[in-house]
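K.L.:
This is the structure I want to talk about, given as structure tokens.
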Amino acid sequence: MVRSKSASLSCALAAAVHLLLLAPTPASAFNYADALAKSIIFFEGQRSGKLPPGNRMSWRGDSGLHDGAQHNVDLTGGYYDAGDNVKFGLPMAFTTTMLAWSVADFGKFMGGELPHARAAVRWGADYLLKAATSTPDTLYVQVGDPNQDHRCWERPEDMDTPRSVYAVTKDNPGSDVAAETAAALAASAVAFRRADPAYSSRLVHAAMRAFELADRHRGSYSEGPLSSAVCPFYCSYSGYDDELLWAAAWLHRASNNASYMSYVRANGAQLGAGDDDFSFSWDDKRAGTKVLLARAFLRQRRRGHSNNDLPDLQLYKAHSDSYVCSLVPGTASFQASQYTPGGLIYKEGGSNMQYVTTATFLLVAYARYLRSAGAVCGGGREVAAAELVALARRQVDYVLGKNPAGTSYMVGFGARYPRRLHHRGASMPAVRAHPGRIGCDEGFRYLHSGEPDANVLVGAVVGGPDARDGFVDDRDGYGQTEPATYINAPLVGALAYFAGTAKY
């Protein structure tokens with residue numbers, strides 16, 4: 001049978017990707033320490049609230065200073081998720097979790113950037129503490145009406161769209177966002193365990209309360225009264241089972257309370273422990289949970305427990321192998337279609353870089369867990385930890401400029417990078433340069449302008465190229481040019497590792 005031209009092309013492409021990913025990784029010319037510093041500075045550009053002295057994104061100003069006032073609660077602070085002016089609780093909590101995991105696992109590689117990384121974690125954790133503890137049996141999960149916000153193009157400093165407040169309670173549950181908040185607070189407690197034990201203890205207790213609300217009063221926040229405010233922006237498409245297991249795993253690591261591991265063992269099967277994993281994101285925590293619990297399995301095995309003693313935890317090691325090793329050529333589950341021709345992990349059609357950075361983080365984190373335990377990754381063939389690290393470095397290098405487009409996808413890094421971000425604050429003149437208010441409709445001339453950004457959002461990683469490595473630096477193309485906190489947060493950990501060690 002004669003194969004079609006498209007089929008032949010697909011086979012050739014798959015072979016090329018396979019060879020590209022198997023090629024030895026040469027010494028990189030990239031300054032990972034500089035990239036790390038810039039990836040952290042980015043979060044200072046996303047801050048809401050009263051900015052501290054020395055905020056390094058100097059073109060930013062105070063914003064959202066009355067958030068929560070209509071409910072007599074202080075909800076100032078926190079992060080804007082991406083290029084708009086809404087504080088969405090689910091992605092903000094995931095961002096904080098991943099920043100905290102980066103500090104917990106890779107802080108020793110951060111050098112002088114560790115205080116800045118901790119400050120980024122704390123900015124998110126402080127806000128989540130207020131959101132979780134200000135009112136009994138209530139978690140505030142969003143500030144800002146996204147439908148109104150998206151009808152305007154305004155700077156955060158002088159926005160006048162409604163700062164509506166949204167909450168979940170025991171009567172209007174949101175197990176997904178409440179459990180992710182619990183995970184964020186628990187992970188932050190791990191990040192501050194040595195640096196600030198009192199703060200760490202406070203975070204743990206708040207995490208326990210948030211988890212209790214999530215577990216005892218189950219339901220998805222996007223299926224109740226908040227649906228029109230959170231969808232389609234951050235619907236919980238994966239449901240809440242994954243967040244419950246994720247939060248319990250983090251609470252066990254933060255508190256060392258055996259009851260949380262008992263919860264994992266008793267509830268893992270019904271909460272998705274055996275599900276296949278496709279990606280790791282603000283919505284779907286399964287792959288990350290399994291790597292985190294594989295760490296617990298490997299640590300217990302190092303202490304002398306046999307696999308037969310830990311059958312329930314061994315499942316998480318097996319699933320971590322399946323997900324992580326599937327990214328490596330030569331394993332049984334490897335699919336070249338997971339990559340662009342230039343070698344970038346490709347999972348989704350829009351804002352793909354969020355899946356690249358989470359996968360890269362898991363590659364490095366899991367490699368370190370395996371190496372510490374003297375273990376390997378299985379998946380049709382044994383994969384050494386060093387192979388996972390090499391693959392992660394290829395992803396980082398692609399982001400920083402080693403790609404077919406010859407551009408860095410991190411703003412301010414290298415000579416060529418995106419200059420037309422789908423980002424209100426970056427695209428419009430700073431308040432210092434233009435003190436007069438720029439109204440809702442007037443601002444759209446900046447959105448649709450082809451001019452470079454008025455302000456450089458240093459360190460921002462954008463949504464990135466398409467499935468064929470194509471990229472258009474167009475502010476209207478939000479799928480490619482919008483940055484997000486949950487793109488950067490996992491990258492912080494990977495960059496820290498490569499900045500702190502010359503080789504594996």
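Any Cβ shown, glycine's included, is placed from N, Cα and C.
I grabbed these lines from TrEMBL:
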- 1-29: signal peptide (SIGNAL)
- 32-495: domain 'Glycoside hydrolase family 9' (DOMAIN)
- His422: active site (ACT_SITE)
- Asp473: active site (ACT_SITE)
- Glu482: active site (ACT_SITE)
K.L.:
If you count CB neighbours within 10 Å, which one among the active-site residues Asp473, Glu482 has the smallest count?
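P.N.:
Each of the active-site residues Asp473, Glu482 was scored by Cβ atoms within 10 Å; lowest is Asp473.
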K.L.:
In whole Å, how far does the CA atom of His422 (active site) lie from that of Asp473 (active site)?
P.N.:
10
K.L.:
Using C-alpha atoms only, work out the spacing between Glu482 (active site) and Asp473 (active site) and round it to an integer in Å.
P.N.:
10
K.L.:
Within 10 angstroms of the C-beta of His422 (active site), what count of other C-beta atoms is obtained when all protein chains are considered?
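P.N.:
The answer is 23 other Cβ atoms.
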K.L.:
Please report the three-state DSSP label of Glu482 (active site).
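P.N.:
Reduced to three states, the DSSP call for Glu482 (active site) is coil.
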